[in-house]
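Working notes, beginning with the structure itself.
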Amino acid sequence: MKKINQPQQKTKRKIQKVKLHKKKKEKISIINQQSDNLGQILERNKNQEKNLKKKRKLINSNLNSEKSLINRGLSLMRKGKFEESIIQFDEAIKLNPKNDEAQALHQLNKTNSKKVYNQQIKPLNQTLKMMKLIIKKAFNQIILGAALFHLNKQKEAELQFQKAISLNPKNEFAQFNMANLLRECDRHKEAIEYYNHVIQINPSDIEYYVEKAFCLQALKKYHNAIECFNQALSLNPDEELTQTLLMNKGTIKCERQVFHQVAFNNLRRNQTATKKLSRYNPKHKEAQKLINNFKLKINNSNKAYDNGTQQNKKQKIKQLAKQKI
(Lines of atoms letter the chains of each structure in order from A and count residues from 1; the text may use other names and numbers.)
(Lines give C-alpha, C1' and ligand atoms only; values in the text may rest on other atoms or scores of the structure.)
Protein backbone atom coordinates (compact mmCIF):
# COMPACT_ATOMS: atom_id res chain seq x y z
CA MET A 1 0.00 0.00 0.00
CA LYS A 2 2.81 2.33 0.77
CA LYS A 3 4.22 1.93 -2.69
CA ILE A 4 0.84 2.78 -4.25
CA ASN A 5 0.12 5.88 -2.05
CA GLN A 6 3.40 7.73 -2.68
CA PRO A 7 2.75 8.67 -6.34
CA GLN A 8 -0.81 9.68 -5.51
CA GLN A 9 0.42 12.04 -2.84
CA LYS A 10 2.92 13.53 -5.26
CA THR A 11 0.27 14.18 -7.87
CA LYS A 12 -1.96 15.81 -5.27
CA ARG A 13 0.86 18.10 -4.24
CA LYS A 14 1.51 19.02 -7.84
CA ILE A 15 -2.17 19.81 -8.39
CA GLN A 16 -2.23 22.01 -5.27
CA LYS A 17 0.90 23.86 -6.44
CA VAL A 18 -0.64 24.48 -9.84
CA LYS A 19 -3.81 25.81 -8.25
CA LEU A 20 -1.83 28.14 -5.97
CA HIS A 21 0.20 29.39 -8.92
CA LYS A 22 -2.97 30.09 -10.88
CA LYS A 23 -4.46 31.98 -7.95
CA LYS A 24 -1.30 34.09 -7.64
CA LYS A 25 -1.41 34.88 -11.35
CA GLU A 26 -5.06 35.83 -11.09
CA LYS A 27 -4.35 38.12 -8.13
CA ILE A 28 -1.41 39.71 -9.95
CA SER A 29 -3.53 40.28 -13.04
CA ILE A 30 -6.30 41.83 -10.93
CA ILE A 31 -3.77 44.13 -9.20
CA ASN A 32 -2.27 45.08 -12.56
CA GLN A 33 -5.70 45.86 -13.95
CA GLN A 34 -6.54 47.95 -10.91
CA SER A 35 -3.25 49.87 -11.16
CA ASP A 36 -3.87 50.42 -14.88
CA ASN A 37 -7.33 51.75 -14.09
CA LEU A 38 -5.94 54.05 -11.40
CA GLY A 39 -3.28 55.29 -13.79
CA GLN A 40 -5.90 56.04 -16.42
CA ILE A 41 -8.06 57.87 -13.87
CA LEU A 42 -5.09 59.95 -12.73
CA GLU A 43 -4.16 60.82 -16.30
CA ARG A 44 -7.74 61.84 -17.02
CA ASN A 45 -7.78 64.06 -13.93
CA LYS A 46 -4.47 65.63 -14.96
CA ASN A 47 -5.76 66.28 -18.45
CA GLN A 48 -8.95 67.79 -17.06
CA GLU A 49 -6.95 70.09 -14.77
CA LYS A 50 -4.74 71.15 -17.67
CA ASN A 51 -7.77 71.89 -19.81
CA LEU A 52 -9.36 73.92 -17.01
CA LYS A 53 -6.16 75.92 -16.55
CA LYS A 54 -5.96 76.58 -20.28
CA LYS A 55 -9.57 77.72 -20.33
CA ARG A 56 -8.99 80.03 -17.37
CA LYS A 57 -5.88 81.48 -19.01
CA LEU A 58 -7.78 82.06 -22.21
CA ILE A 59 -10.62 83.77 -20.34
CA ASN A 60 -8.18 85.96 -18.36
CA SER A 61 -6.14 86.79 -21.45
CA ASN A 62 -9.31 87.71 -23.31
CA LEU A 63 -10.47 89.89 -20.44
CA ASN A 64 -7.06 91.53 -20.10
CA SER A 65 -6.78 92.05 -23.81
CA GLU A 66 -10.31 93.51 -23.86
CA LYS A 67 -9.46 95.96 -21.09
CA SER A 68 -6.10 96.84 -22.61
CA LEU A 69 -7.69 97.38 -26.02
CA ILE A 70 -10.39 99.61 -24.54
CA ASN A 71 -7.77 101.58 -22.56
CA ARG A 72 -5.64 102.02 -25.68
CA GLY A 73 -8.69 103.17 -27.58
CA LEU A 74 -9.55 105.71 -24.87
CA SER A 75 -6.00 107.11 -24.78
CA LEU A 76 -6.02 107.47 -28.57
CA MET A 77 -9.44 109.10 -28.36
CA ARG A 78 -8.11 111.69 -25.87
CA LYS A 79 -5.29 112.50 -28.28
CA GLY A 80 -7.80 113.02 -31.09
CA LYS A 81 -6.71 109.87 -32.99
CA PHE A 82 -10.26 108.63 -33.53
CA GLU A 83 -9.64 106.32 -36.50
CA GLU A 84 -6.94 104.43 -34.60
CA SER A 85 -9.15 104.22 -31.51
CA ILE A 86 -11.99 102.68 -33.58
CA ILE A 87 -9.62 99.84 -34.60
CA GLN A 88 -8.89 99.11 -30.93
CA PHE A 89 -12.60 99.02 -30.04
CA ASP A 90 -13.32 96.74 -33.03
CA GLU A 91 -10.73 94.24 -31.81
CA ALA A 92 -12.24 94.32 -28.32
CA ILE A 93 -15.70 93.60 -29.81
CA LYS A 94 -14.27 90.65 -31.79
CA LEU A 95 -12.94 89.11 -28.60
CA ASN A 96 -16.22 89.66 -26.78
CA PRO A 97 -19.22 90.74 -28.90
CA LYS A 98 -21.24 91.29 -25.70
CA ASN A 99 -18.88 93.99 -24.39
CA ASP A 100 -21.25 96.97 -24.11
CA GLU A 101 -18.50 99.44 -23.23
CA ALA A 102 -16.49 98.73 -26.38
CA GLN A 103 -19.60 98.93 -28.58
CA ALA A 104 -20.74 102.21 -27.03
CA LEU A 105 -17.32 103.81 -27.47
CA HIS A 106 -17.13 102.50 -31.02
CA GLN A 107 -20.46 104.16 -31.87
CA LEU A 108 -19.49 107.40 -30.11
CA ASN A 109 -16.28 107.61 -32.09
CA LYS A 110 -18.02 107.04 -35.40
CA THR A 111 -20.78 109.60 -34.85
CA ASN A 112 -19.16 112.41 -32.86
CA SER A 113 -15.42 111.98 -33.37
CA LYS A 114 -14.81 115.11 -35.41
CA LYS A 115 -17.32 117.24 -33.51
CA VAL A 116 -15.90 116.28 -30.13
CA TYR A 117 -12.36 116.92 -31.30
CA ASN A 118 -13.09 120.29 -32.90
CA GLN A 119 -15.38 121.59 -30.15
CA GLN A 120 -13.76 120.26 -26.98
CA ILE A 121 -10.46 118.43 -27.27
CA LYS A 122 -8.64 120.64 -29.77
CA PRO A 123 -9.27 123.97 -27.96
CA LEU A 124 -8.55 122.29 -24.60
CA ASN A 125 -5.19 121.02 -25.86
CA GLN A 126 -4.36 124.47 -27.22
CA THR A 127 -5.19 126.18 -23.92
CA LEU A 128 -3.13 123.61 -22.02
CA LYS A 129 -0.14 124.26 -24.27
CA MET A 130 -0.54 128.01 -23.80
CA MET A 131 -0.81 127.64 -20.03
CA LYS A 132 2.34 125.52 -19.91
CA LEU A 133 4.24 128.12 -21.91
CA ILE A 134 2.98 130.96 -19.70
CA ILE A 135 3.91 129.10 -16.49
CA LYS A 136 7.39 128.34 -17.84
CA LYS A 137 7.94 131.95 -18.90
CA ALA A 138 6.68 133.35 -15.59
CA PHE A 139 8.85 130.91 -13.63
CA ASN A 140 11.93 131.88 -15.65
CA GLN A 141 11.19 135.58 -15.10
CA ILE A 142 10.92 135.06 -11.32
CA ILE A 143 14.23 133.15 -11.17
CA LEU A 144 15.98 135.80 -13.26
CA GLY A 145 14.48 138.59 -11.15
CA ALA A 146 15.60 136.94 -7.91
CA ALA A 147 19.15 136.53 -9.28
CA LEU A 148 19.30 140.19 -10.33
CA PHE A 149 17.92 141.28 -6.96
CA HIS A 150 20.71 139.40 -5.13
CA LEU A 151 23.23 141.14 -7.41
CA ASN A 152 21.78 144.52 -6.25
CA LYS A 153 20.36 145.20 -9.72
CA GLN A 154 17.00 146.39 -8.42
CA LYS A 155 15.69 148.04 -11.60
CA GLU A 156 16.40 145.02 -13.80
CA ALA A 157 14.91 142.71 -11.16
CA GLU A 158 11.78 144.86 -10.92
CA LEU A 159 11.28 144.60 -14.70
CA GLN A 160 11.52 140.81 -14.55
CA PHE A 161 9.01 140.57 -11.70
CA GLN A 162 6.63 142.90 -13.58
CA LYS A 163 6.86 140.65 -16.65
CA ALA A 164 6.13 137.57 -14.54
CA ILE A 165 3.09 139.28 -12.96
CA SER A 166 1.78 140.40 -16.35
CA LEU A 167 2.04 136.80 -17.60
CA ASN A 168 0.27 135.39 -14.53
CA PRO A 169 -1.21 137.91 -12.05
CA LYS A 170 -2.22 135.09 -9.68
CA ASN A 171 1.37 133.92 -9.20
CA GLU A 172 1.91 134.58 -5.49
CA PHE A 173 5.70 134.14 -5.70
CA ALA A 174 6.03 136.85 -8.36
CA GLN A 175 3.85 139.22 -6.31
CA PHE A 176 5.71 138.42 -3.07
CA ASN A 177 9.17 138.90 -4.61
CA MET A 178 8.04 142.20 -6.10
CA ALA A 179 6.76 143.36 -2.68
CA ASN A 180 10.04 142.38 -0.98
CA LEU A 181 12.06 144.26 -3.60
CA LEU A 182 9.99 147.42 -3.11
CA ARG A 183 10.30 147.15 0.69
CA GLU A 184 14.10 146.87 0.40
CA CYS A 185 14.04 150.02 -1.75
CA ASP A 186 12.01 151.85 0.99
CA ARG A 187 8.97 152.02 -1.31
CA HIS A 188 6.70 150.82 1.47
CA LYS A 189 3.35 152.08 0.13
CA GLU A 190 3.85 150.23 -3.19
CA ALA A 191 5.09 147.15 -1.36
CA ILE A 192 1.92 147.04 0.79
CA GLU A 193 -0.21 146.92 -2.38
CA TYR A 194 1.66 143.83 -3.59
CA TYR A 195 1.48 142.21 -0.14
CA ASN A 196 -2.30 142.75 -0.26
CA HIS A 197 -2.41 140.95 -3.64
CA VAL A 198 -0.40 138.05 -2.22
CA ILE A 199 -2.69 137.74 0.82
CA GLN A 200 -5.73 137.67 -1.50
CA ILE A 201 -4.15 134.82 -3.49
CA ASN A 202 -3.05 132.85 -0.40
CA PRO A 203 -4.51 134.10 2.91
CA SER A 204 -3.05 131.23 4.98
CA ASP A 205 0.66 132.15 4.81
CA ILE A 206 1.85 133.87 8.01
CA GLU A 207 4.96 135.35 6.37
CA TYR A 208 2.89 137.62 4.11
CA TYR A 209 1.18 139.29 7.10
CA VAL A 210 4.49 139.74 8.93
CA GLU A 211 6.22 141.40 5.96
CA LYS A 212 3.23 143.70 5.46
CA ALA A 213 3.33 144.59 9.18
CA PHE A 214 6.99 145.66 8.91
CA CYS A 215 6.10 147.94 6.00
CA LEU A 216 3.29 149.52 8.02
CA GLN A 217 5.68 149.90 10.95
CA ALA A 218 8.13 151.78 8.70
CA LEU A 219 5.27 154.11 7.69
CA LYS A 220 4.43 154.57 11.43
CA LYS A 221 1.00 153.02 10.89
CA TYR A 222 1.31 151.11 14.14
CA HIS A 223 -2.37 150.27 14.60
CA ASN A 224 -2.53 148.57 11.17
CA ALA A 225 0.76 146.77 11.83
CA ILE A 226 -0.60 145.35 15.11
CA GLU A 227 -3.71 144.17 13.23
CA CYS A 228 -1.44 142.29 10.79
CA PHE A 229 0.28 140.52 13.69
CA ASN A 230 -3.12 139.63 15.17
CA GLN A 231 -4.12 138.11 11.81
CA ALA A 232 -0.87 136.12 11.72
CA LEU A 233 -1.46 134.85 15.28
CA SER A 234 -5.01 133.80 14.36
CA LEU A 235 -3.51 131.29 11.88
CA ASN A 236 -2.26 129.16 14.82
CA PRO A 237 1.53 129.25 14.29
CA ASP A 238 3.89 126.97 16.21
CA GLU A 239 5.29 127.91 19.64
CA GLU A 240 8.57 129.41 18.42
CA LEU A 241 6.90 131.54 15.74
CA THR A 242 4.23 132.65 18.23
CA GLN A 243 6.96 134.00 20.53
CA THR A 244 8.53 135.94 17.64
CA LEU A 245 5.18 137.39 16.57
CA LEU A 246 4.31 138.43 20.13
CA MET A 247 7.71 140.05 20.56
CA ASN A 248 7.37 142.05 17.34
CA LYS A 249 3.82 143.00 18.27
CA GLY A 250 5.02 144.22 21.69
CA THR A 251 7.82 146.22 20.05
CA ILE A 252 5.39 147.98 17.71
CA LYS A 253 3.04 148.75 20.60
CA CYS A 254 5.86 150.40 22.56
CA GLU A 255 7.05 152.26 19.46
CA ARG A 256 3.55 153.59 18.97
CA GLN A 257 3.45 154.88 22.54
CA VAL A 258 6.86 156.56 22.24
CA PHE A 259 5.88 158.10 18.89
CA HIS A 260 2.72 159.64 20.35
CA GLN A 261 4.68 160.80 23.47
CA VAL A 262 2.25 159.25 25.91
CA ALA A 263 2.71 159.95 29.61
CA PHE A 264 4.67 157.77 32.02
CA ASN A 265 1.61 155.88 33.27
CA ASN A 266 0.62 154.84 29.76
CA LEU A 267 4.16 153.72 29.04
CA ARG A 268 4.03 151.56 32.16
CA ARG A 269 0.73 150.06 30.99
CA ASN A 270 2.17 149.31 27.60
CA GLN A 271 5.12 147.54 29.18
CA THR A 272 2.68 144.70 29.92
CA ALA A 273 2.85 143.71 26.22
CA THR A 274 6.48 142.64 26.65
CA LYS A 275 5.89 141.32 30.17
CA LYS A 276 3.25 138.98 28.76
CA LEU A 277 5.86 137.69 26.35
CA SER A 278 8.37 137.14 29.19
CA ARG A 279 5.69 135.18 31.07
CA TYR A 280 5.05 133.13 27.94
CA ASN A 281 8.76 132.31 27.78
CA PRO A 282 10.86 133.80 30.68
CA LYS A 283 14.13 132.68 29.05
CA HIS A 284 13.49 134.59 25.81
CA LYS A 285 16.64 136.78 25.53
CA GLU A 286 15.27 139.22 22.95
CA ALA A 287 12.13 139.82 25.02
CA GLN A 288 14.29 140.54 28.10
CA LYS A 289 16.35 143.04 26.09
CA LEU A 290 13.18 144.80 24.99
CA ILE A 291 11.90 144.99 28.57
CA ASN A 292 15.23 146.47 29.73
CA ASN A 293 15.16 149.04 26.90
CA PHE A 294 11.64 150.09 27.78
CA LYS A 295 12.59 150.35 31.46
CA LEU A 296 15.32 152.81 30.47
CA LYS A 297 12.82 154.80 28.40
CA ILE A 298 10.41 154.88 31.35
CA ASN A 299 13.18 156.06 33.71
CA ASN A 300 14.25 158.75 31.24
CA SER A 301 10.67 159.91 30.79
CA ASN A 302 10.27 159.91 34.59
CA LYS A 303 13.40 162.08 35.01
CA ALA A 304 12.21 164.44 32.30
CA TYR A 305 8.84 164.63 34.00
CA ASP A 306 10.47 165.38 37.39
CA ASN A 307 12.73 168.05 35.87
CA GLY A 308 9.75 169.60 34.15
CA THR A 309 7.70 169.70 37.36
CA GLN A 310 10.62 171.22 39.31
CA GLN A 311 11.08 173.93 36.67
CA ASN A 312 7.35 174.65 36.75
CA LYS A 313 7.48 174.97 40.54
CA LYS A 314 10.43 177.39 40.35
CA GLN A 315 8.63 179.51 37.75
CA LYS A 316 5.48 179.62 39.89
CA ILE A 317 7.52 180.71 42.96
CA LYS A 318 9.16 183.49 40.92
CA GLN A 319 5.77 184.65 39.64
CA LEU A 320 4.33 184.72 43.19
CA ALA A 321 7.36 186.68 44.43
CA LYS A 322 6.92 189.26 41.66
CA GLN A 323 3.21 189.62 42.47
CA LYS A 324 3.99 190.33 46.16
CA ILE A 325 6.49 193.01 45.21
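Glycine too: its Cβ is placed from the backbone N, Cα and C atoms.
In TrEMBL this protein carries:
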COILED    31-62  coiled coil
COMPBIAS  10-26  compositional bias 'Basic residues'
COMPBIAS  313-325  compositional bias 'Basic residues'
REGION    1-26  region 'Disordered'
REGION    302-325  region 'Disordered'
REPEAT    66-99  repeat 'TPR'
REPEAT    138-171  repeat 'TPR'
REPEAT    172-205  repeat 'TPR'
REPEAT    206-239  repeat 'TPR'
Close approaches to the repeat 'TPR' (206-239) from elsewhere in its chain (Cβ under 8 angstroms; 6 or more beyond its ends): 176, 179-180, 183, 186, 188-189, 191-192, 195-196, 198-199, 245-246, 248-249, 252-253, 255-256, 259
Write out how many residues of the repeat 'TPR' (66-99) are helix, how many strand and how many coil, based on DSSP. 27 helix, 0 strand, 7 coil
Residue counts for the repeat 'TPR' (172-205) under DSSP, helix then strand then coil, are 27 helix, 0 strand, 7 coil
